[in-house]
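The annotation domain 'Carbohydrate kinase PfkB' is assigned in TrEMBL to 4-297. Per TrEMBL, the feature substrate binding site maps to Met12, Thr13, Asp14, Gly40, Lys41, Gly42, Ala43, Asn44, Glu141, Asp254. TrEMBL lists Asn186, Thr222, Leu223, Gly224, Pro225, Gln226, Gly227, Thr241, Gly253, Asp254, Asn280 with the feature ATP binding site. Among the features that TrEMBL reports, K(+) binding site is placed at Asp248, Thr250, Ser286, Thr289, Gly291, Ser295. Taken from TrEMBL, the feature active site, proton acceptor applies to Asp254.
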Amino acid sequence: MTLDVIVVGSCMTDLVSQAPRLPKAGETIHGHKFFIGFGGKGANQCVQAARLGAESAMVCKVGKDFFGDNYIQNFKDSGVHTDFVQQTSDAATGAASIIVNDAGENAIVIVAGANMLLNTEDLKHMQPSLICAKVLVCQLEISAQTSLKALCMARESGVKTIFNPAPAIPFLDAEFYKVSDVFCCNESEAELLTGCPVSSVDEAQRAGQNLLARGCGAVILTLGPQGCLVLQAEGSKHIPTEAVTAVDTTGAGDSFIGALAFYMAYFPKMPLEEMARRANQVAAVSVQTMGTQTSFPFKKDLPAALF
Ligand code: RIB
Ligand code: NA
């Protein structure tokens, strides 16, 4: 069987508190609900691609602990291939403390733990599968060096790459742009990377052009309720999205990227703007329910027109 979508990235146990607002420094506030979920940007993207029907594999490292064991079971339950999931006793499974306010906005602290121990040597295991894959996806919740190596390996194998520079770092190695077929980030990541403000579609346009000029094949800048902007050498297009009531936007960007990976793998001739329009629709479903992966839709829940 060929693994069409390979995600090299992070797994986190999400510890989520719902509260009316985000607390200030030094402040304690009452929240009204707590739950534990499966998260981490890499795993989220991989699970969303699998839920749309992609044959997907995750390349990652979790701890040899309860959370790591649970995470591997979660991948199996989600139909994600786990041949390249490793466990280490040198660090704990990654964890994310998340607070979601009544507006559906969030603040997140991640302790990457075992994720940071995924090294370039570990990537060798995926090489035989990589040559048959269609798309490889990376983010920045594992070591940047490992992400960059994975993207380079994909390029050498003729596999399309999606790079999501999240969470963003101000000084990103310039090579990342050159090995990205699609460089996909949100407003705050684009601001940090370019130093340009991104508070309107026009500003996003300028920041996106700045990123595109650094050598990526295309840039997609996600804009929350405003949809996204797709920038390519041929031109750029704003793709609006339907208005929905957001309950929890955590992981909406991951739902978008997982869907994008699915479309790039199975509809390679589809214009990127159309892929982005459909990925917007998938992500819009995710924000209407609490939680991260728990809110990601399956193919059967979505309109047939998306497939
Ligand atoms: O993008 C959302 C994700 O960011 C959460 O699942 C959390 O684990 C953090 O990695
Ligand atoms: Na959600």
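Keep in mind that glycine also has a Cβ here, set from the backbone N, Cα and C atoms.
Unlike curated records, TrEMBL annotations are generated automatically.
Where TrEMBL records a feature, it is marked here on the structure.
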residue: Asp14; record: substrate binding site; contacts (Cβ under 8 Å, 6+ apart): Ile36, Gly37, Phe38, Gly39, Gly40, Ala95, Ala96, Ile98, Thr250, Gly291, Thr292
residue: Lys41; record: substrate binding site; contacts (Cβ under 8 Å, 6+ apart): Gly9, Ser10, Gln139, Glu141, Asn164, Ala166, Gly251, Gly253, Asp254
residue: Pro225; record: ATP binding site; contacts (Cβ under 8 Å, 6+ apart): Thr241, Ala243, Ala246
residue: Gly227; record: ATP binding site; contacts (Cβ under 8 Å, 6+ apart): His238, Ile239, Pro240, Thr241, Asn280
residue: Asp248; record: K(+) binding site; contacts (Cβ under 8 Å, 6+ apart): Val100, Gly104, Asn106, Val287, Thr289, Met290, Gly291, Ser295
residue: Ser286; record: K(+) binding site; contacts (Cβ under 8 Å, 6+ apart): Gln48, Gly251, Ala252, Ser255, Ser295, Phe296, Pro297
Within 10 Å of the Cβ of Asn280 (ATP binding site), how many other Cβ atoms can you find? Include all protein chains, please.
23
Let me check the 10 A CB neighbour count of Ala43 (substrate binding site). How many other CB atoms are there?
32
DSSP says Asp14 (substrate binding site), in three-state terms, is strand
The most crowded of the binding-site residues Gly253, Gly291, judged by neighbouring Cβ atoms within 10 Å of its own Cβ, is Gly253
Quick test of your reading of the structure: among the binding-site residues Ala43, Glu141, Gly253, whose CB sits under 6 A from ligand 2?
none
Once the DSSP letters are reduced so that anything not helix or strand counts as coil, what is Asp248 (K(+) binding site)?
coil
For Leu223 (ATP binding site), the same-chain residues 6+ apart in sequence with C-beta under 8 angstroms from its C-beta are Asn186, Glu187, Val201, Ala204, Leu229
Taking every protein chain shown into account, which of the recorded positions Glu141, Asp254 has the largest tally of Cβ atoms within 10 Å of its Cβ?
Asp254
Quick check: which same-chain residues outside Asp248, Thr250, Ser286, Thr289, Gly291, Ser295 lie with their CB within 8 A of the centre of the K(+) site CB atoms?
Val247, Thr249, Gly251, Ala252, Val287, Gln288, Met290, Thr292, Thr294, Phe296
What count of other C-beta atoms do you get within 10 angstroms of the C-beta of Thr289 (K(+) binding site), across all chains shown?
13
With H, G and I counted as helix, E and B as strand and the rest as coil, say where DSSP puts Pro225 (ATP binding site).
helix
Identify, in sequence order, the residues in the chain of Met12 (substrate binding site) that are 6 or more apart from it along the sequence and have a CB within less than 8 Å of its CB; answer 'none' if there are none.
Gly39, Gly40, Ala43, Thr93, Gly94, Ala95, Ala96, Ile110, Ala112, Asn115, Glu141
Show, in sequence order, which residues other than Met12, Thr13, Asp14, Gly40, Lys41, Gly42, Ala43, Asn44, Glu141, Asp254 on the same chain lie with their Cβ within 8 Å of the centre of the Cβ atoms of the substrate site.
Gly9, Ser10, Cys11, Phe38, Gly39, Gly94, Ala96, Gly251, Thr292
What whole-number distance in angstrom separates the two most remote CA atoms of the ATP-binding residues Asn186, Thr222, Leu223, Gly224, Pro225, Gln226, Gly227, Thr241, Gly253, Asp254, Asn280?
16
Kindly assign Gly291 (K(+) binding site) to one of the three DSSP-derived states: helix, strand or coil.
coil
